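The following features are taken from TrEMBL:
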- 23-46: transmembrane segment (TRANSMEM)
- 38-354: domain 'G-protein coupled receptors family 1 profile' (DOMAIN)
- 58-81: transmembrane segment (TRANSMEM)
- 101-119: transmembrane segment (TRANSMEM)
- 139-165: transmembrane segment (TRANSMEM)
- 185-209: transmembrane segment (TRANSMEM)
- 291-314: transmembrane segment (TRANSMEM)
- 334-357: transmembrane segment (TRANSMEM)
Amino acid sequence: MIANGSISNQTDEFIEDEITRIIFVYVSPCVIFIGTVANILSILVLSKKTMRRSTTMFYLLILSSADLLVLYTGLLRYWIIMAFDIDIRLHSDFICKLHAFLVYFSLDFASWILVAVTMDRCISVMRPLKARLCCTHNVSKVIVVVLVVAMVFINSHLFFTVEIIARNGPKLICQEADANFVSKIWPWIDFAVFCFVPFGIMIVANSLIIQRVSASVKTLKNMTVDNNLGRSFDSVYTRRTSFGSSHISGEHSDEISTITEACETQNGFSNDTVNKTANNNSTRLQTSTNVTVMLLSVNFVFFLCTTPIAIYFIGKHYWKTQDIHPHRIAVQNLAYGIVNILQYLNNSVHFFLYCITGKRFRNEFFKLFSRKRRSAVFQ
């Protein structure tokens with residue numbers, strides 16, 4: 001299980017045990033620290049008035065908050081267990097249930113916020129007119145509330161199925177009492193809700209976005225080529241008629257001027273108007289492409305970081321044996337440590353993806369600190 005996985009207890013007999021300990025004791029706090037700073041910076045940038053106008057940025061703001069909840073309910077517990085041998089879930093049966101619920105809820109909620117922002121972007125690109133009605137801040141807030149309610153409902157069984165039980169004698173552990181449900185049924189449900197279904201929706205939505213953006217780029221290039229050809233024709237036409245018009249008196253010269261103006265305003269648009277329209281379309285397309293690339297990078301990292309741990313918990317039941325060799329336990333513990341830290345890494349790197357792939361986010365981030373520096377100088 002993603003939220004309730006545990007490391008088997010044994011002495012550090014193998015190199016795998018030492019590596020596992022290093023991952024949880026030393027790497028975990030680094031991920032928590034980096035993720036905390038990064039998500040707080042994301043919240044600061046995304047909370048700016050210029051960024052709040054976009055529903056996409058609103059969803060990313062919620063995502064940053066969800067990422068913080070994931071880090072402090074999930075990874076922090078593992079660090080405390082491995083570094084201090086204290087499990088906060090064992091303080092009471094209620095904390096055992098509540099904490100398990102919060103971990104599952106936060107992980108699932110963060111995944112579906114990514115789905116929401118991807119679908120929001122897909123509608124904006126594919127159906128811009130419809131986006132004016134369904135991609136608004138009010139609709140976005142309703143969607144967030146619906147997702148909260150849905151994730152609470154899906155994971156509410158943890159309040160009834162999770163409890164503190166004794167395992168291997170006096171040792172206590174917080175886990176589901178129904179072993180069959182834990183090992184055979186819930187991992188598949190969790191994989192579907194947490195990873196498979198969200199990423200499937202993201203794949204379809206991103207494919208549609210890429211297709212439409214590519215078509216828009218091609219159309220814009222064709223417009224630019226046609227406009228350049230039109231200007232060349234007008235230039236040649238003007239040069240060829242300028243010599244003749246110098247020998248034509250008044251009335252016929254005016255006729256030539258009228259013909260030239262008619263060529264420039266074909267279909268009711270002058271070259272200046274076409275140029276302005278093309279530039280505006282180019283700017284909007286570039287902005288749309290930047291946001292699309294940013295979301296694609298976030299979705300790709302999500303799949304890369306979350307799929308391994310989902311596969312781990314599905315396969316764990318099938319490769320587990322009764323009389324397992326200690327070295328095999330050490331290898332499984334190391335595998336769990338790697339996929340676990342990889343999962344939480346997904347919730348720590350979004351800020352860096354925004355900065356690398358999102359020009360608008362990057363500019364607002366630099367403005368945020370340049371403004372603070374200026375204020376400090378004047379004070």
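Heads up, residue numbers simply count up from 1 along the chain you see.
From the backbone N, Cα and C atoms, a Cβ is placed for every residue, glycine too.
Contacts between the transmembrane segment (58-81) and the transmembrane segment (334-357): present, as 3 or more C-beta pairs lie under 8 angstroms, all at sequence separation of six or more.
Taking every listed stretch (139-165, 291-314, 334-357) in turn, the largest tally of C-beta pairs under 8 A with the transmembrane segment (23-46) is reached by 334-357. Mean pLDDT across the domain 'G-protein coupled receptors family 1 profile' (38-354) comes to 80 in this model.
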